[in-house]
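Data first, discussion second: the structure below is written as structure tokens.
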Amino acid sequence: MERSWKNQIWRFPVAGMKQNILITGFMGAGKSSVARALAELTGLFAVDTDDLIESLLHCSIKSYFVSHGENAFRRLEQRLANWLASSVDHTIVATGGGFFQVQGLMELGQVCFLNADFDTICRHLHVCAGDQQTVMRPLFQNLEAAKKRFDERLPLYRQNAHHIITVGTQDSMDLARQIQDILRQNGLLAQ
Ligand SMILES: Nc1ncnc2c1ncn2[C@@H]1O[C@H](COP(=O)(O)OP(=O)(O)OP(=O)(O)O)[C@@H](O)[C@H]1O
Ligand SMILES: O=C(O)C1=C[C@@H](O)[C@@H](O)[C@H](O)C1
């Protein structure tokens, strides 16, 4: 059944706090899938920072990394974060794997970190089956380097989040329900 976003009466305790829901986590944690499921549950729209950035580019993010480098990509992410801050509210935002590093992240809305361990991520991306979905992910070309980046980032993802959701074998809809419950329990989302 279709639900209007107007049914979602938000009760944020902090005046001036943005009322978005941001989903953070490593590549393959399931951010986009959970954002879509949460959109279905709440009637809110979901956007994806990687898709929004690609809409600016004349190429894929992977090609952009090759032609312009990672630092240029991070500047685009910051530009996007600034636009979210000025122009976007009441929206679910699935973020790119490194978006959690932008300045002002925690003011953009409720940040929900999808805490999947590296084995779970590899399972999601079918790394073990050889049928890898890592081809389009420039920072997941080398398994060892990806694991090193994962280990370095883990404490930072945790620090830069309002809520931490442990990802095991649940499907995306279960995880979205869990987020909905957490936000409701905290009085941040209508019952
Ligand atoms: N809870 C889940 N259980 C099993 N597979 C999942 C789950 N969530 C996502 N997947 C699968 O993992 C892959 C990556 O999912 P998704 O694109 O949602 O992750 P992501 O965190 O947004 O990744 P990225 O930021 O790298 O694009 C997809 O094939 C998706 O079907
Ligand atoms: O983890 C990262 O730093 C990235 C993840 C992807 O979602 C893309 O945003 C890009 O490939 C960088």
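Keep in mind that glycine also has a Cβ here, set from the backbone N, Cα and C atoms.
Per TrEMBL, the features are as follows:
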type    : residues                                                 : note
BINDING : GLY28, ALA29, GLY30, LYS31, SER32, SER33, ARG137, GLN170 : ATP binding site
BINDING : SER32                                                    : Mg(2+) binding site
BINDING : ASP50, ARG74, GLY97, ARG153                              : substrate binding site
GLY97 (substrate binding site) to GLY28 (ATP binding site) - Cα separation in whole Å: 8
Cβ neighbours within the same chain of ASP50 (substrate binding site) - under 8 Å, at least six residues apart: ILE61, GLY96
Among GLY30, LYS31, SER32, GLY97, ARG137, ARG153, the binding-site residues whose C-beta sits under 6 Å from ligand 1: GLY30, LYS31, SER32, GLY97, ARG137
In sequence order, those binding-site residues of GLY28, GLY30, LYS31, ARG74, GLN170 whose CB lies under 6 Å from ligand 2: none
In three-state DSSP terms, the structure that GLY28 (ATP binding site) belongs to: coil
Residues near ARG153 (substrate binding site) in space but at least six apart in sequence (CB under 8 A): PHE26, PHE100
Neighbour count (Cβ, 10 Å) for LYS31 (ATP binding site): 29
Cβ neighbour count (within 10 Å, all chains shown) around GLY97 (substrate binding site): 24
Rounded inter-Cα distance in Å - GLY30 (ATP binding site), ARG74 (substrate binding site): 21
